[in-house]
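Peer 1: The following block contains the structure, expressed as structure tokens.
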Amino acid sequence: MVGEETSLRNRLSRSAENPEQDEAQKNLLDTHRNGHITMKQLIAKKRQLAAEAEELKPLFLKEVGCHFDDFVTNLIDKSASLDNGGCALTTFSILEEMKNNHRAKDLRAPPEQGKIFISRRSLLDELFEVDHIRTIYHMFIALLIIFILSTLVVDYIDEGRLVLEFSLLAYAFGQFPIVIWTWWAMFLSTLAIPYFLFQRWAHGYSKSSHPLIYSLIHGAFFLVFQLGILGFIPTYVVLAYTLPPASRFILILEQIRLVMKAHSYVRENVPRVLSAAKEKSSTVPVPTVNQYLYFLFAPTLIYRDSYPRTPTVRWGYVAMQFLQVFGCLFYVYYIFERLCAPLFRNIKQEPFSARVLVLCVFNSILPGVLMLFLSFFAFLHCWLNAFAEMLRFGDRMFYKDWWNSTSYSNYYRTWNVVVHDWLYYYVYKDLLWFFSKRFRPAAMLAVFALSAVVHEYALAVCLSYFYPVLFVLFMFFGMAFNFIVNDSRKRPVWNIMVRASLFLGHGVILCFYSQEWYARQRCPLKNPTFLDYVRPRTWTCRYVF
């Protein structure tokens with residue numbers, strides 16, 4: 001965008017900077033004053049001006065369009081924050097509230113001011129149209145080529161031959177058939193059970209003589225499904241079959257995603273049924289199976305009956321996104337092979353000390369930062385855009401410009417918009433609505449606590465040990481920085497501080513968890529107790545790892 005604005009200004013001021021054109025214009029004016037201008041010259045001049053206008057037209061329209069998109073986004077954000085004189089907004093949009101003005105104020109007041117979906121592209125798709133930004137993308141590709149070449153050269157020198165084995169990838173994604181059938185069981189149960197429970201409750205609520213007890217019974221069944229079936233079975237499979245780390249991550253992340261999806265489906269539709277029952281409506285607003293099925297695959301955690309849709313599917317774009325996901329996967333593999341594995345395998349035999357820890361942290365910053373960028377690009381951009389394109393899902397704002405954040409609060413809002421929306425509307429705003437706006441700090445604390453616990457749960461199950469480094473960083477340092485480095489910080493120096501602290505934090509995470517992984521591999525216990533799973537092995541292991 002910056003490059004296009006500069007180009008536009010340069011072209012607009014080209015006539016002022018070019019002395020030859022100024023002289024030509026002066027001669028033309030002199031000729032016109034003397035009455036000797038010819039019709040050919042006049043026509044040529046008009047054609048030249050028309051050509052220049054046509055040349056500037058696409059850039060001008062594109063710039064105006066970008067500013068208009070920003071204006072519309074800001075307008076929607078502001079309109080969603082209005083109290084509207086005490087009247088609740090609907091789940092879908094302001095226009096639907098005007099059309100179907102039947103929501104009761106006491107059902108879902110503040111939380112109903114929910115997310116409004118509009119058709120928009122992902123930010124990186126727009127930025128990659130600027131050559132200066134796309135060059136950064138090319139730099140990462142060049143770095144991947146260097147990693148591949150260095151690995152091949154080192155293997156050839158050490159082994160005397162080219163070693164084209166991906167043992168680390170094969171190990172990480174092992175026992176994949178178990179992952180497939182477990183995922184199918186999770187998906188089909190999420191498709192059938194919440195929909196059946198909600199449909200049964202919705203059709204019987206208005207007919208029940210004890211609607212509160214009727215609702216509590218169905219709510220209890222739904223809670224049993226969320227915690228007992230969807231919450232327990234995938235975790236049991238992961239531990240019982242001792243799946244490798246990457247296979248575990250697939251199941252655990254899908255488990256969390258489906259739990260959040262099912263909650264959103266019920267959370268958005270229950271108030272509609274309550275409102276219809278209060279108005280004694282003859283129709284029960286129950287979504288169709290197709291609407292729920294589409295939502296389960298859509299790249300959003302906020303349920304709507306319909307979303308903005310694109311007119312066509314660009315299958316070439318889909319293939320490119322999946323290709324980039326696999327490229328990022330191999331990128332991470334080579335980072336582990338070239339930067340991480342040698343670092344932790346070659347730690348000397350010495351007691352755990354501050355010196356060892358500090359050296360490990362600072363040596364882990366570079367691979368940690370690279371994996372941060374790659375995970376963001378692979379999942380939040382490529383993976384979500386691929387599914388959005390296949391489903392013709394119009395709203396592609398899965399993230400914002402988090403790299404420009406000058407505060408931690410802004411970073412948390414822009415890094416992962418998909419998860420942030422769910423936490424904001426279903427945890428933060430629901431708590432404020434249920435209790436009081438005076439409990440705003442408590443609601444914010446609850447959001448941080450839930451996010452920290454879920455992140456630590458995923459890591460503990462996937463790595464087979466409990467080492468609450470991420471929980472401490474997120475719950476204590478992250479929350480403290482959220483208040484200290486807040487939205488009032490606008491100067492560029494704060495962006496540098498946010499970036500530096502985030503990079504250091506990722507170095508700490510990679511160092512601690514990798515050290516603990518290798519320590520447990522090199523110092524196994526014959527009969528481990530429960531305390532052995534939660535006590536860090538790094539502090540006691542004295543073997544060379």
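Cβ atoms here come from the backbone N, Cα and C positions, even for glycine.
These came from Swiss-Prot, pasted as-is:
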- His132: cholesterol binding site (BINDING)
- Asn410, Arg413, Asn416, His420, Tyr428, Ser451: acyl-CoA binding site (BINDING)
- 1-24: region 'Disordered' (REGION)
- 1-133: topological domain 'Cytoplasmic' (TOPO_DOM)
- 202-213: topological domain 'Cytoplasmic' (TOPO_DOM)
- 272-314: topological domain 'Cytoplasmic' (TOPO_DOM)
- 391-438: topological domain 'Cytoplasmic' (TOPO_DOM)
- 486-491: topological domain 'Cytoplasmic' (TOPO_DOM)
- 134-155: transmembrane segment (TRANSMEM)
- 176-201: transmembrane segment (TRANSMEM)
- 214-239: transmembrane segment (TRANSMEM)
- 248-271: transmembrane segment (TRANSMEM)
- 315-347: transmembrane segment (TRANSMEM)
- 365-390: transmembrane segment (TRANSMEM)
- 439-463: transmembrane segment (TRANSMEM)
- 470-485: transmembrane segment (TRANSMEM)
- 492-523: transmembrane segment (TRANSMEM)
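I'd like to know what surrounds each of these features in this structure.
Peer 2: In the shown protein chains, 12 other C-beta atoms lie within 10 A of the C-beta of His132 (cholesterol binding site).
A sphere of 10 angstroms centred on the C-beta of Arg413 (acyl-CoA binding site) encloses 17 other C-beta atoms.
Residues 269, 273-274, 276-277, 280, 284-286 of the same chain lie 6+ residues outside the topological domain 'Cytoplasmic' (202-213) yet bring a C-beta within less than 8 angstroms of a C-beta in it.
Averaged over the topological domain 'Cytoplasmic' (272-314), the predicted model has a pLDDT of 90.
Across the topological domain 'Cytoplasmic' (391-438), the DSSP tally of helix, strand and coil residues reads 31 helix, 2 strand, 15 coil.
Counting residue by residue with DSSP, the topological domain 'Cytoplasmic' (486-491) contains 0 helix, 0 strand, 6 coil.
Through the fold, the transmembrane segment (214-239) approaches residues 178, 182, 185-186, 189-190, 193-194, 197-198, 200-201, 204-205, 208, 247-248, 251-252, 254-255, 258-259, 262-263, 266, 461-462, 464 of its own chain, all at least 6 residues removed from its boundaries and within a Cβ separation under 8 Å.
Residues of the same chain lying 6 or more positions beyond the ends of the transmembrane segment (248-271) and with a Cβ under 8 Å from any Cβ of it are 91, 103, 107-108, 112, 114, 179, 182-183, 186-187, 190, 194-195, 198, 202, 222, 225-226, 230-231, 234-235, 237-238, 285-287, 292, 295-296, 301-304, 422, 426, 454, 457-458, 461-462.
Tertiary proximity for the transmembrane segment (439-463) is limited to same-chain residues at least six positions away from its ends with a CB under 8 Å from its CB atoms, namely 235, 238-239, 245, 248-249, 252-253, 256, 423-424, 427-428, 431-432, 470-471, 474-475, 478-479, 482, 513, 516-517.
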Peer 1: Just how many other Cβ atoms lie inside 10 Å of the Cβ on Asn410 (acyl-CoA binding site)?
Peer 2: 22
Peer 1: Where the record says Asn410, Arg413, Asn416, His420, Tyr428, Ser451 bind acyl-CoA, what is the longest distance in Å from one Cα to another among those residues?
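Peer 2: Largest Cα to Cα distance for the acyl-CoA-binding set is 16 Å.
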Peer 1: How many helix, strand and coil residues does the topological domain 'Cytoplasmic' (202-213) contain under DSSP?
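Peer 2: Per-class counts: 7 helix, 0 strand, 5 coil.
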Peer 1: For Ser451 (acyl-CoA binding site) and His132 (cholesterol binding site), what Cα-Cα distance in Å is obtained after rounding to a whole number?
Peer 2: 36
Peer 1: Given Asn416 (acyl-CoA binding site) and His132 (cholesterol binding site), what distance in Å do their CA atoms have, once rounded to a whole number?
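Peer 2: Each residue's Cα considered, Asn416 (acyl-CoA binding site) and His132 (cholesterol binding site) end up 25 Å apart.
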Peer 1: Report, as numbers and ranges, which residues of the same chain sit near the topological domain 'Cytoplasmic' (486-491): CB under 8 Å and 6 or more residues beyond its ends.
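Peer 2: Sequence-remote neighbours of the topological domain 'Cytoplasmic' (486-491) are 406-410.
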Peer 1: Count the other Cβ atoms sitting within 10 Å of the Cβ of Tyr428 (acyl-CoA binding site), across every protein chain shown.
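Peer 2: Tyr428 (acyl-CoA binding site): 18 neighbouring Cβ atoms within 10 Å.
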Peer 1: State the non-local partners of the topological domain 'Cytoplasmic' (272-314) in its own chain: residues 6+ outside its ends, Cβ under 8 Å from one of its Cβ atoms.
Peer 2: 91-92, 102-104, 107, 114-115, 117-119, 187, 190-191, 195, 198-199, 201-203, 205-206, 211, 257-258, 260-261, 264-265, 384-385, 387-395, 398, 418-419, 421-422, 425
